[in-house]
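Trainee: Before I ask anything, let me first share the structure, which is written out below as structure tokens.
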């Protein structure tokens, strides 16, 4: 059985999908059988095939993988709202069992599974109060937290990491995404302070990549760029560390 990582963020729109697709692509280029999965997608796109996940489509486009988007997503919700209310509007109740079952199937087929959450870790999936954090705990996957490098990120990132730690989740590291040209002292200090306050390492700073369009499925320079800005050796080591735990929990 393979091993997994749960990719979350400090907010919506911080670039979880870009990092997930970039990491999947980098792992595949390194010869590691990896897959990415978006279990809950709000703001899904309606096509002749029904609702499809633009995030899952972006993974496939970035990695050059020929497959159906529906194989890499599960709950596709039309309204771009918090999943619990988007699901209600679609007449659906999100439950954990199909998600866990699908993850188990992926882990049987792939060496590495990247699961991208929706929004941050306190996003509710249903009215019973089941959160993204609870899903990560059920899967027993360590977290990678994607954050902005800009002013305010210390507060947002520390709050996200501390909440995860207080609720028993292991946070493997955080990644700054969309680093603007000319970034310097502030961004460096932001990373250092987050490390100091949480004990969690920075695992990469990914610059702003012009030409990316997740909704449009345009990966631009992603495939050849993101991997070089991530500490892949450290990230790869996480899979070895968590493989036994994942197999025991989900086997």
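The backbone N, Cα and C atoms fix where each Cβ goes, glycine too.
What TrEMBL records for this protein is below:
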- 13-18, 55, 116-119, 177-178, 207-209: ATP binding site (BINDING)
- 17, 55, 116: Mg(2+) binding site (BINDING)
- 38: active site (ACT_SITE)
- 42: substrate binding site (BINDING)
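Describe the structural context of each listed feature in the structure shown, including burial, neighbouring residues and relevant distances.
Mentor: Residue 208 (ATP binding site) falls within neither a helix nor a strand when secondary structure is assigned with DSSP, and so counts as coil.
The Cβ neighbour count for residue 55 (ATP binding site), using a 10 Å radius over every protein chain in view, is 25. DSSP classifies residue 55 (ATP binding site) as helix under the three-state reduction.
Around the Cβ of residue 38 (active site), the same chain contributes 17, 53, 55, 56, 59, 72, 73, 74, 116, 118, each under 8 angstroms and 6 or more positions distant in sequence. For the recorded site, residue 38 (active site), the DSSP three-state label reads strand.
For residue 42 (substrate binding site), the number of other Cβ atoms no farther than 10 Å from its own Cβ, over all displayed protein chains, is 24.
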Trainee: Using a Cβ cut-off under 8 Å and a sequence separation of 6 or more, which residues in the same chain sit near residue 117 (ATP binding site)?
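Mentor: For residue 117 (ATP binding site), the qualifying residues are 6, 7, 8, 9, 16, 40, 123, 132, 135, 136.
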Trainee: In the structure shown, with every protein chain counted, which of the binding-site residues 15, 116, 119, 208 has the densest set of Cβ atoms within 10 angstroms of its Cβ?
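Mentor: Of the binding-site residues 15, 116, 119, 208, the most buried by Cβ count within 10 Å is 116.
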Trainee: So if I draw a 10 Å sphere around the Cβ of residue 17 (ATP binding site), how many other Cβ atoms end up inside it?
Mentor: 26
Trainee: Using a 10 Å radius around its CB, how many other CB atoms surround residue 13 (ATP binding site)?
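Mentor: So the number of other Cβ atoms within 10 Å of residue 13 (ATP binding site) is 11.
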Trainee: Taking DSSP as the reference, which of helix, strand or coil describes residue 15 (ATP binding site)?
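Mentor: Once the DSSP labels are grouped into three classes, residue 15 (ATP binding site) ends up as coil.
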